[in-house]
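This report refers to the structure that appears directly beneath it.
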Amino acid sequence: MLTIADVEFESRLFTGTGKFSNSQVMLEAITASKSQLVTVAMKRIDFKMGLDDLLTPLRQAGVRLLPNTSGARNAKEAVFAAELAREMLGTHWIKLEIHPDPKYLMPDAIETLEAARILCEKGFIVMPYVHADPVLCRRLEEVGCAAVMPLASPIGSNQGLVTESFLKIIIEQARVPVVIDAGIGAPSQAARAMELGADAVLVNTAIASSASPIVMAECFKEAVQCGRRAFEAGLGRVQTGAVHTSPLTGFLNQ
């Protein structure tokens, strides 16, 4: 069981709501994934037009919403988006995203740390999306973040665990849950993230852009479960050379 703040999650697969062909496919894929925490961008919600098309189906599915501040270019804009989410959606959970560069969507470490400090002081449950920087993740812990969400590779790239070496350090040092976010493009990559000891993964593009999102969601669900079980069972140590599994010459003496 995974615990973030005071909430327990049976599923360690978190999902998103973007890039699906329509809301029905989105809902069926999320249901198939068994995800219990689903992120939604505040910039996608038109509060003047009502919440039915996107949010009502998610609430009916019983998932917890994790609004995100995607589109914010600095700490001020991110704090505004978080406060709007709390007011309009009734949640103090927030996925903090600040990426002013529209090409690569790399998170701004300085603005993210400042926004995290402000939001934690305001009573938010903050889960920041950041580069795989062990020092930054420690600083975010210190200001009160409930979890950290280091990227595996650029958002939507499906490149996999490009930052694996740094993710290992973050997982080793973290005192809060580590959710690997962004760039996971295949179930095998999600399984690998879990084998490293990540507490959860967040997957959106790889599911939504699949030719069969519902089947792909099921695949990710199973991969995350297997990866976590493998981590808990204990993976064998990687050796630099061959190690025989049985005596090589004993039978010659019989």
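Along the chain as shown, residues are numbered 1 onward.
Just so you know, glycine gets a Cβ as well, placed from its N, Cα and C.
The shown structure was predicted, so the numbers you read here are calculated from the model rather than taken from an experiment.
Among the candidates Gly156, Gly197, Gly227, the residue that Swiss-Prot names alongside Ala182, Gly183, Asn204, Thr205 for the 1-deoxy-D-xylulose 5-phosphate site is Gly156.
The distance from the Cα of Thr205 (1-deoxy-D-xylulose 5-phosphate binding site) to the Cα of Lys95 (active site, schiff-base intermediate with DXP) comes to 17 Å. Under the DSSP three-state reduction, Thr205 (1-deoxy-D-xylulose 5-phosphate binding site) is assigned to helix.
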